[in-house]
Amino acid sequence: MNTMKRMDCRDLNQSELTQHCAELGLPKFRGRQVFQWVQQKAVQNWEELKNIGAGDRQKLQDGLFLQPLRKVREQISQDGTRKFLFRCADGETLECVLMDYDRRKNRDRHTVCVSTQIGCAVGCAFCATGLGGWRRNLSPGEILGQVLDITYLMRQEDPDFQVTNIVFMGMGEPLLNYEAVLKAIELLNDPEGQGIGMRRMTISTSGVAPKIRQLAKDNPQVGLAVSLHSAHNTTRDQLIPMNRKYPLEELMEACRDYTTLTNRRITFEIALISGQATLEAAQAVGHLLKRQLAHVNLIPVNPVAGTGMARPTAKEVQQFAQCLESMGIPVSVREEKGTDIDAACGQLRRQLECEQK
């Protein structure tokens, strides 16, 4: 009697798949074949593995899950941004976003913003995800599955479609699901899978200081973005409750350690909120970052029902940016994508939950 635990094949790297295939009584080379079908070609069921016989496919089906995320809803913005609401095997829903950017160096840039948790425990004041609380962590297969299933859907329209960049900026705090996120990155980077370069992937964190240091040691090639939002602990406590555990002094020390170990610049994200995007706030950010290898990305906040926060004026955004530039801080204003479809994380999922109540 076979008592071996049935595993999600999307969770497994080539070595693990090879071992699992051997345990199923299959030739070891099947592991590489299965990995390529699942991770590179983003197949949705075992019948699509055309170079594997029916008998071996049945063994794979008996010993491994191949269960794609199910698309529940899709919204398409006027700028081409697509927002997907997917349902997991246990019925939970998650969001991810596909953003297309201008052609550069003769190649299209297709960026997927992925979620790492169902809900979020951090509870940032301007984020829709945290309004419903934290449910659970996503598995490596569920994290990278967002990329695979978007790839599969888009290849119905363009057979040559390929995701080029990943940002871990969707639902959840990536560094609170650390092991699963790093495993997903490993799988996405594999040249026989999606083959996405480490430097084309960026993790965004609310400021989990110990994990920032650990990331510098475990994977120094992946980009890091820190949700800063304020240079004052009192304000940041209100915007990002994580600050009460890891206040600015501890966070910035971890960031300095990160740049010392990796020699890589950190992107500091600042959500600009009407009434708070002041010159005084900009000057405080400039002073905080003056000795840090940093780039500031300004994000005019998306209005979210239930937060009471409004967007700043274009003049407020411009003055904030100019102030930082005058202090020698590199700064950019995020190119907005999908504003007409509520593309910020958590909004589509929250909309569905409100409809079902």
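Each residue, glycine too, has its Cβ placed from N, Cα and C.
Copied from Swiss-Prot, the annotated features are:
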- GLU95: active site, proton acceptor (ACT_SITE)
- CYS345: active site, S-methylcysteine intermediate (ACT_SITE)
- CYS120, CYS124, CYS127: [4Fe-4S] cluster binding site (BINDING)
- GLY172, GLU173, SER204, SER227, LEU228, HIS229, ASN302: S-adenosyl-L-methionine binding site (BINDING)
- CYS113-CYS345: disulfide bond (DISULFID)
- 106-340: domain 'Radical SAM core' (DOMAIN)
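Compared over the recorded positions GLU95, GLY172, SER227, HIS229, ASN302, the count of CB atoms lying within 10 A of a residue's CB peaks at GLY172. Between the CA atoms of CYS113 (disulfide bond) and GLY172 (S-adenosyl-L-methionine binding site) there is a gap of 12 Å, rounded to the nearest whole number. Same-chain residues at least 6 positions away in sequence with a Cβ under 8 Å from that of SER204 (S-adenosyl-L-methionine binding site) are, in sequence order, VAL167, PHE168, MET169, PRO174, ALA225, VAL226, SER227, GLU269. Note: the CA-CA distance between LEU228 (S-adenosyl-L-methionine binding site) and CYS127 ([4Fe-4S] cluster binding site) rounds to 14 Å.
The recorded positions near CYS127 ([4Fe-4S] cluster binding site), taking a 10 angstroms Cα-Cα threshold over the set GLU95, HIS229, ASN302, are ASN302. DSSP assigns SER204 (S-adenosyl-L-methionine binding site) to a strand.
Under the DSSP three-state reduction, CYS113 (disulfide bond) is assigned to strand.
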